[in-house]
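Visitor: Would you mind keeping the following structure in view while I ask a few things?
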Amino acid sequence: MEKIGDQFANLNIVQRSSGTEEPTYLLGIDTSKTVQTEKENLVAVLCSNGIIRIYDKERLNIIREFNGYPGFLNGVKFANSCDIVYSSCTDSTVKCWDARLASEKPVQLFKGYPSNIFISFDINCNDHVLCAGTEKVDDDALLVFWDARINSQDLSTTKDPLGAYSETHSDDITQVCFHPSNPNMVVSGSTDGLVNVFDISVNNEEDALVTTCNSVSSVSCIGWSGKDYKQIYCMTHDEGFCWWDLNHLDTDEPITRLNIQDVREVMNLKGGVLDYLIGGLYHEKMDKLFIVGGTNTGIIHLMSCTTSGLIHVTSLQEGHTATVRSFYWNMQDDSLLTGGEDAQLLLWKPGAIEKIFTKKDNLKIASSVYQRVRTHSNDSYKRRKK
């Protein structure tokens, strides 16, 4: 833990993104998975105006933008084997673009069922299956699946669904996350408080459901952790944290490793405060799960997860001037990308000579983006029992 704490504390800002005409919250970050030279690495950022920006990682210059018009884009993810960028959309589609092409037209369009409003998605580790979660419409909240493989004999850019799961969530499906190495395992989270694990190699939804965990709150973030990634964690919209061990599903041992109703109330940050959680980071080499949170003034906190609770490791300051919404940790070079409500994308690197930046004014924008970050109703999950 000291090692990653030292690495994190030793991070210096080496680049800030160039300014844009329209300041936006930076809600999501992903980087290209293909092996390129440093200067060719691409970063995709989801902005609160429903646009995806593609940046050059080293210079943080905007290369191009992709628009989901007439819908808003939700989430951003690179394919694992090529420079294709995916995002779900409120217009009943999941769109994908070639990040290296200047064309604004998607190279593939995954069409949902009528009335689907997609607010979450993920693609599995071999890029074969795409899954997206919908808002609740009438009584339906769906997980919709597509075959994401590109067939050279099929020149159509539109694909219809393979099918959908409709029985396991009762409210908006806010999160979908495939297993990092098993293409058949996927976990989903919802405002109904449930976190469901599925094995999609099984033919029907009832049998595909491996287990259901209850966060007893609206789910904002989920992920995999642990050796062979047999653990899952969850964060909630009211800053709760849950951590479960799937190794104990068939034993008498409890699967809950940690359950904190409100992390803000229990954290000791050595004189600092914690206003919100951002996401999780499983460090494979250390076999440790870390949680990233922050303050409304832009300070970033790193916390280590233990079965006894969360332990503050270190903090990053003097970077952002407002709430940090997204981050991406690169395990290969231990670099960190962060994006926030100050409209800034920052690149941090360990041991680098810190560049001197004129600290930018707080660009935090007012309620124009409220529609993108709406507060979910808690009524649905309060009715459910543990």
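Using the three backbone atoms N, Cα and C, a Cβ is placed for every residue, glycine included.
TrEMBL labels come from automatic prediction, so no person has curated them.
According to TrEMBL, the record shows the following:
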REPEAT    66-98  repeat 'WD'
REPEAT    166-208  repeat 'WD'
REPEAT    317-349  repeat 'WD'
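How about a rundown of where these features are and what they're close to?
Guide: When Cβ-Cβ distances below 8 Å are used as the criterion, the repeat 'WD' (66-98) is approached by residues 28-34, 42, 44-46, 50-52, 54, 104-123, 125-127, 130, 132-133, 146, 371-372 of the same chain, each at least six residues removed from its ends.
Per DSSP, the secondary structure of the repeat 'WD' (166-208) breaks down as 4 helix, 18 strand, 21 coil.
Sequence-distant contacts of the repeat 'WD' (317-349) (same chain, six or more residues past either end, CB-CB distance under 8 Å): 7-8, 11-17, 19-20, 23-31, 43, 45-46, 55, 57-58, 60, 275-276, 278-279, 281, 283-285, 292, 294-300, 359-365.
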Visitor: Could you put numbers on the helix, strand and coil content of the repeat 'WD' (66-98), residue by residue per DSSP?
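Guide: Reading the DSSP string over the repeat 'WD' (66-98) gives 0 helix, 20 strand, 13 coil.
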Visitor: Given the model, what does the mean pLDDT over the repeat 'WD' (66-98) come out as?
Guide: 94
